[in-house]
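Worksheet for the structure shown next.
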């Protein structure tokens, strides 16, 4: 990667400058505290889902094993951006190294792609459970579940190396200031010395596919689910079927709604402020809300979480009495 500085730039700058959320020092400290709390709550919420599935034998079925893996993914997804964002709030320079920028670029988009594949697999699981209930145990076996989980991780992490390597080889000029809180392809391509239609074409073709293909699969799965549910004669049967996939639909709507707003049209059409808000929603707030959605709408998960809290309370009581 070739880097050329403008005469006004300091020669000591060794990477890009992430502007983040420009505001006075007091505002930066307030944002640091706010996002620290959000980050900790996200880690705790998703970790509690993992613990609940691990500790409760009744939850050792494909639906909850997929959910536990999804929560594990969410922990790493939010970790790909928030710790660096927190460091930037307290930093005066707000510099991220070139290698650090492209590593964040790779992990953020790879984890995001993996999330799309997981949402598609979870939709497939709900389709089998509702449309093929009698054959579900024979079709969705533990072996198939493991294969699907591994495939999601592999596909997600093998999708972006080529476009990222291509972008990393171009020359960058000018201020090297990225008006964002992460290394996003739009602002990065805007800093290149010379516009390359070929690179932009390759990236514009490859990057939407991990979003579009799973989304089409999800919509197809739920179209079949809806058709099957409408054939159920009883109202209680319909409610039970919809409650089975309600949490997943809510998560799909949250994630894809914000992502499609962000990447459904060219990045240049969005103002920097809107880019940050929408990216913040699907990369930080969605992982925070997912555990709440799944725990509130699922009685089995609520029971498992209550059991964990009871065990923690009993352990704390015994420890206090022992001291």
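Cβ atoms are placed via backbone N, Cα and C, with glycine included.
TrEMBL has this to say about the protein:
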type	residues	note
DOMAIN	45-294	domain 'G-protein coupled receptors family 1 profile'
TRANSMEM	29-54	transmembrane segment
TRANSMEM	61-82	transmembrane segment
TRANSMEM	102-124	transmembrane segment
TRANSMEM	144-166	transmembrane segment
TRANSMEM	211-230	transmembrane segment
TRANSMEM	242-265	transmembrane segment
TRANSMEM	277-296	transmembrane segment
Original post:
Which sequence positions outside the transmembrane segment (242-265), separated from its termini by at least 6 residues, show Cβ-Cβ distances below 8 Å to it?
Top reply: 112, 115, 119, 122-123, 126, 129-130, 207-208, 211, 215, 218, 222, 225, 229, 275, 278-279, 281-282, 286, 289-290, 293-294, 297-298
**OP:** State the mean pLDDT for the domain 'G-protein coupled receptors family 1 profile' (45-294).
**Re:** 87
Original post:
Are there at least 3 C-beta pairs under 8 angstroms linking the transmembrane segment (144-166) and the transmembrane segment (277-296), leaving out pairs fewer than 6 apart in sequence?
Top reply: no
Original post:
Would the transmembrane segment (102-124) and the transmembrane segment (29-54) count as touching if the test is at least 3 Cβ pairs under 8 Å, pairs 6 or more apart?
Top reply: no
Subject >> Same-chain residues near the transmembrane segment (144-166), Cβ under 8 Å, at least 6 residues beyond its ends >> reply: 62, 65-66, 69, 102, 105-106, 109-118, 121, 124, 199, 202-203, 206-207, 209-210
